[in-house]
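As recorded in Swiss-Prot, the features of this protein are as follows:
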| type | residues | note |
| --- | --- | --- |
| BINDING | Cys443, Cys449, Cys488, Cys492 | [4Fe-4S] cluster binding site |
| BINDING | Cys492 | siroheme binding site |
Amino acid sequence: MTVQTKTKGLAWQEKPLSDNERLKTESNFLRGTILDDLKDPLTGGFKGDNFQLIRFHGMYEQDDRDIRAERAEAKLEPLKFMLLRCRLPGGIIKPSQWIELDKFARENSHYRSIRLTNRQTFQFHGVPKAKLQTMHRLLHKLGLDSIATAADMNRNVLCTSNPIESELHRQAYEYAKKISEHLLPRTRGYLDVWVDGKKVQSSDDFLQEDEPILGKTYLPRKFKTAVVIPPLNDVDCYGNDLDFVAVSDGNGQLAGFNVLAGGGLSMEHGNTKTYPNISLELGFVPPEHALKAAEAVVTTQRDFGNRSDRKNARTRYTIQNMGLDNFRAEVERRMGMPFEPVRPFKFTGRGDRIGWVKGIDGNWHLTLFIESGRLVDEGGKQLLTGVLEIAKIHKGDFRITANQNLIVANVAEADKAKIEEFARTYGLIRNDVSKLRENAMSCVSFPTCPLAMAEAERVLPDFIGELDKIMAKHGTSDDYIVTRITGCPNGCGRAMLAEIGLVGKAVGRYNLHIGGDREGVRIPRLYKENITLPEILAELDDLIGKWAAERNIGEGFGDFAIRTGIVKPVLNAPVDFWDASKAVAIARA
């Protein structure tokens, strides 16, 4: 550390470091003994520190929880395998790459599926240990990798999937890529382990490594970054550690970015020292200083973030401990320049434009609704095959959206009909999807996530079906409510930016939060705790009935819940998220 312990926000330095800090220090720049574990046929998983280290390489060890008890009874270890998350800044991928990835998923993954995530990338679920090097070498051949998509690094960088404003989107996307590359770890550990298969042990090799931005112990905790183009807030910019809000010069060109910091949606049930929070405004920078600003925020979090208590290690807690003005001043000191005042911006919604839209460049873009992002051939649906068949003829690119959907982008007029034919044949275009369903989201949860407390992806379709009936009952079928289900309080389903958010508490039970907004700028308030899905539907039946009867013109469900006093707004999450009586508005910048 280069900072002094007396500096505001560093009280944690008086406490022992978390064991993860030891792990990173001793990992030989993330190599550990992973190669040794790959050769061990006695277990399907990784041992000791390697269980955590593989996360820096974009993987999590998981097992099939549906059969865990059955295997234990047979005296077998859990059916272990890995989740892999690809690094894909802005979610753009070529059809030629997709074809190879589809082949791997079918031949080598337990679930034979590809999962589109709300961080604009894809995941393989159920990859056995014996296939990991094969998988990483395939990614390398395709010009892809999975480094820094998990663990204490800057994760996959999001960028608004806006196919209409093509020039501004192109410029913003280029900065998303630049930010991603700039904040990557410099270690060759990923390549040595997964591509070259080398075992590096000597102290000389160890000393030659350098991590000028992340440091040899990397960041205190995960770090999430997004680039967003108003008025569409599809990337949920207020839920990230760092946000770059693109500002147009009025002629469709990029004038610069408003920089925000300190968003995050995870918490722990009953732990009032944890809370979700929205990101706060730091200021404006011209495009040429965007990387400087990104590095300054990251290194401030690197040096001031809590390395003793991982539950209070994200950037939002660092800002709370330092104070926003002190945090901003430290970032400006590291940038070597002050921020300019924030330029005006406004969000009007978050949903994707499902169906065909025409860009200003004359190309067409088809956004396909993919429920919970799951592409798989099962239950009479062939969604995975449908995307594969489109990939075989598509001359443009694919864009994974932050709403877990897929855009078939840059389609020529002459190719529209054939692509739509394939999409309809394989069920990728449906006429029975309500606006409510289009604006719903879930995390994966059971059976693969080890942190899951309740179902999410597997119950979302039926839950939304029941909610659709309630909407129809009250005459609101043409409207929507942003609804999200997450299986635990870690926040992967971004329920803490929903109008209706369900957070798993135990098997079959959830906490019900309401009062977020359609634009994604307000955290919902806890309304009912530890209740079942039927109980939640009964509560929502009553609330939606009131909304239908008493709402103002154009008023969303979340705004209605706040205006009518059903719940108090979360105004200052560190103070009032757990105690609504303390809800008092504060300055956000």
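Residue 1 is the first one shown; counting continues down the chain.
A Cβ is built for glycine as well, from the same backbone N, Cα and C atoms used for every other residue.
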Helix, strand or coil at Cys449 ([4Fe-4S] cluster binding site) [DSSP, three-state]: coil
Task: Would you mind checking how many other C-beta atoms are within 10 angstroms of the C-beta on Cys449 ([4Fe-4S] cluster binding site)?
output: 21
- prompt: Using the Cβ centroid of Cys443, Cys449, Cys488, Cys492 as the reference point for the [4Fe-4S] cluster site, which residues of the same chain not in that list have Cβ within 8 Å?
  reply: Val444, Ser445, Leu451, Ala452, Ala456, Thr486, Gly487, Asn490, Gly491, Gly493, Gly504
